[in-house]
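Copied over from TrEMBL, here are the features:
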- B:T77, B:P78, B:P79, B:G80, B:E81, B:G82, B:K83, B:T84: ATP binding site (BINDING)
There are 2 protein chains.
Amino acid sequence: MTKRNDEKLTKPPNGDAAIARAATLKPIREIGERLGVPWEAMAPYGHTKAKIDLDYIASLADRPDGKLILVTGLTPTPPGEGKTTTTVGLTDALSAAGENVAACLREPSLGPCFGMKGGAAGGGHAQVVPMDDLNLHFTGDMHAIGMAHNLLAAMIDNHINWRNELNLDPRRVSWRRVMDMNERALRDIVIGLGTGNGMPREDGFDITVASEIMAILCLATDMADLQARLARIVVAETRDRQPVTAADLEADGAMAVLLKDAIRPNLVQTLENTPVFVHGGPFANIAHGCNSVIATRAALKLADYVVTEAGFGADLGAEKFFDIKCRMSGLKPAAAVIVATARALKVHGGNAVQHLEEEDVEAVRKGCDNLRRHIRNIRSYGVPAIVAINRFPSDTDAELDAIAEEMRTEGVETSLCTHFADGGAGAADLARTVTEVAARDEADFKPIYPDDMELLDKIRTVAQKIYGAADVDAGHAIRARLKNLEKAGYGHFPVCIAKTQYSFTTDPNLRGAPSGHTIPVREVRLSAGAGFIVVICGEIMTMPGLPRRPAAADIRMHADGHIEGLF
Amino acid sequence: MTKRNDEKLTKPPNGDAAIARAATLKPIREIGERLGVPWEAMAPYGHTKAKIDLDYIASLADRPDGKLILVTGLTPTPPGEGKTTTTVGLTDALSAAGENVAACLREPSLGPCFGMKGGAAGGGHAQVVPMDDLNLHFTGDMHAIGMAHNLLAAMIDNHINWRNELNLDPRRVSWRRVMDMNERALRDIVIGLGTGNGMPREDGFDITVASEIMAILCLATDMADLQARLARIVVAETRDRQPVTAADLEADGAMAVLLKDAIRPNLVQTLENTPVFVHGGPFANIAHGCNSVIATRAALKLADYVVTEAGFGADLGAEKFFDIKCRMSGLKPAAAVIVATARALKVHGGNAVQHLEEEDVEAVRKGCDNLRRHIRNIRSYGVPAIVAINRFPSDTDAELDAIAEEMRTEGVETSLCTHFADGGAGAADLARTVTEVAARDEADFKPIYPDDMELLDKIRTVAQKIYGAADVDAGHAIRARLKNLEKAGYGHFPVCIAKTQYSFTTDPNLRGAPSGHTIPVREVRLSAGAGFIVVICGEIMTMPGLPRRPAAADIRMHADGHIEGLF
């Protein structure tokens, strides 16, 4: 062990980690007070994190809302586009320009930090801090969600074990268990073995962020709404195929109590001491991939500008932000920033990933088809779009000029950003564009489909209008399931489509802007508590595994308290 | 649901909960400052909990230690004796007498709060607050321990899944998984099913407090010692029957990082605003059942009197406190308070539990044999014993006089306590006795066996000297295992005996002070990180189940934020 550690000490420190460690954090009390939050309404977690009381947030109801800016992206590519860094950079730039601004981000999951290296919220000079805490237990929200989830699971098997008065069918329990860990070996398990340990049945663990409770926490408007949503969760069917809910098992009250602190938004800061709410982090495939409604609403009462982020590319992330989060909560975005890079455009234009460092203006121009589709999609929601080009050192002037020219023909404003290297100063132009667009007050947000459309038509609408597909392919069993859900009273729910984030199609290798394809629906799941219908169109992984050499093997604590290898 | 909740609202509030809610808590900053801890050295968790920085604690090394008072009990009986309330009451009484005092208690486990009602730390007017938080996630220590434990488990199966370069035998993995939940269905499971999900094998979950990591956290002296202990954990054997450690899997660094906050002691307060460290809570059977060494040591540097508690009766709890915790850490107790009740003595004297309300002086006298054995045991460690009689309303003067008389013949000081009803004022006499005994400076602590005694002789020594047994019964396989452990370099470890807490024998129905019996050893387990050998002498449950109607079904949050049904 000594040898191993000595070897590690000679390694140069990681760039992001070194920058984060060099940051001067302000006491969280000051960050909150800058937004006008009194100290009594903050529950500190250490000196640089705090939770904000819900009663205080409720007391702000009569205040006007600030302007909500969504940061989204083109279709993601292997090198990454920098959506989170752009969110942080834009927030810092607005702050530097004298605006009262806050960002709203998702909480990172702990488990994956021990798999592939690179937990984090942002990077370079556009980071949220304290980074170690964000990547570890933070304020415990993830653990609370896991406990609430697993309490419900325990009460299901306990009910079956005793007298099963609800006549619950052990073969039809859909509520699995969760752990915030990359745990391949727990994906498919058999539980209840041995004498006196209940009824043996197949089960499995998902990673905690995939829990419906995470989606519920992020969509709930207050504690009462949270408990009501928890009560509605459907966990199993009876032998007569009737749904069994968390309320039937009388689990909802205890689950709500377990979440009493997790429901309060967390306040932290950027490297430049701008306030950031980091709260909730549902999956962006089987869930809607946005931070909590409570945090976003609180931020809008406290700040004039709120910059938030949605998962994956705009076809999945922004679509769900608009059609699920904004629809349910009444949020009205003022503008959306689409983050793109020359490298990503090259990939969408047919360039191989290994040649990204070489100039290829033609590929960049061709790749703009992908960006163009996302811009038009955003506009179809009545939301003005802005393109942020996140500049990389290898980008050439010819490439950047080509993007600007392509975007001019689309009539969209673009800003070149260097926040990764320069912090907020690198996003000053983007901040100017955002405030100008927002000041025009052009946004007239409406979801892409109405609540009362049939479920299959909702899926088709998203597939055609957003993905550019010709149609959806839903077999008899899927159609019957959708009809049954409508009969059971869930027809007004929005749909939450789970498909690959790497293409407008269901084939991750089809980049660019393919159209005329078919979206096959493989499976439909009810998230009755979250309030949406999950439509699965491809392979969805809800429990990651560790790689051959997990990042955990290189993580350690130095004697001076600094953590090596975490991000 | 509405109906159910309305019914609940009509129930009268629980006594302990009503008292806790009516308490006026001081800001934790004031509680810490009373002990001289500067605000910079406290990491607040909300306004009434804080963690204390390890660097600050290390800076106190040169200060003299306060006096350490252990609170333990006679052999537990169904009605309960009130060890925790006595610890809290004595602490408040010492504080009221003008002493600089702090208590050191264990952290409650969250899972069981949802099973049988009655989480809590203390009761009546002798409670630690904030009670809701103590019974819920508190400062997240339990979750951090669970994550560290399960990360190691994930790395074991991940190692087997990839190339198994350590040649780890999947049939000989002793490291199970944990969850802080009463989870009958997870006791015995099969994992790794399905394609691509690793190697199928038998496994199971224990409750988090049963994790060796909990014992390690409680015995570690600092962060470096913590990581060194984690590295030594033996998790499995190779095909060649060689031990595989957490260090072999390179898991120790990441585990230590996960525990970086959990290792810092938590500071809270009693209802009377006296400082209390609540930190760590290992099982008292397969582990040593005491709060953390770090908290106890910190408290001794900060206070003139430190009152702490050990699990179960003195034969198990005090024995392990002395022979494991004090032996390893060098702590020197000044006195031990043995808590007894007239009701418990009646039970030990042969009275049936259902007749406890009726006077029975003879049973009380007879039951004093049990108490007498514990007194003599305590004295055999060179520690002065004091008896605290925790008075109940049904106790008669004749019964109390009989106890006093029996104890006079034993030459032990007794105090009558009413702290449950009266708070610290009800333990004023006990506080006076404790300070008098401590002032005499009679304690000359030494463990009951030396480090270099053979393991089987250590077991025999505890059985004979503490349990009053004639001998131990250890079969050939057990003896061979003990010899192997000695050969492998673990012979200097103390033994941690896991047996029923309800009797000096291994039969829970044999109350009083039986002697001449045999202690059968069923199994021996190595806790290489904690640094002791677990000797199992009876059925040990490491994962509880939920009852037919779990307490969770009656837990809910009121609109005003108060929690019903949790304790």
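Cβ atoms here come from the backbone N, Cα and C positions, even for glycine.
Applying an 8 A CB threshold to same-chain residues 6+ apart, the list for B:K83 (ATP binding site) reads B:V71, B:T72, B:G73, B:E309, B:V339. In sequence order, B:R343, B:A344, B:V347, B:H348, B:V353, B:Y502, B:R511 are the residues near B:T77 (ATP binding site), counting only same-chain partners six or more apart with C-beta under 8 A. Over all protein chains present, the Cβ of B:T84 (ATP binding site) has 24 other Cβ atoms lying within 10 Å.
The 10 Å shell around the Cβ of B:E81 (ATP binding site) contains 23 further Cβ atoms across the protein chains shown. Local packing around the binding-site residues B:P78, B:P79, B:G80, B:G82 was summarised as the count of other Cβ atoms within 10 Å of each Cβ; on this measure the leading residue is B:G82.
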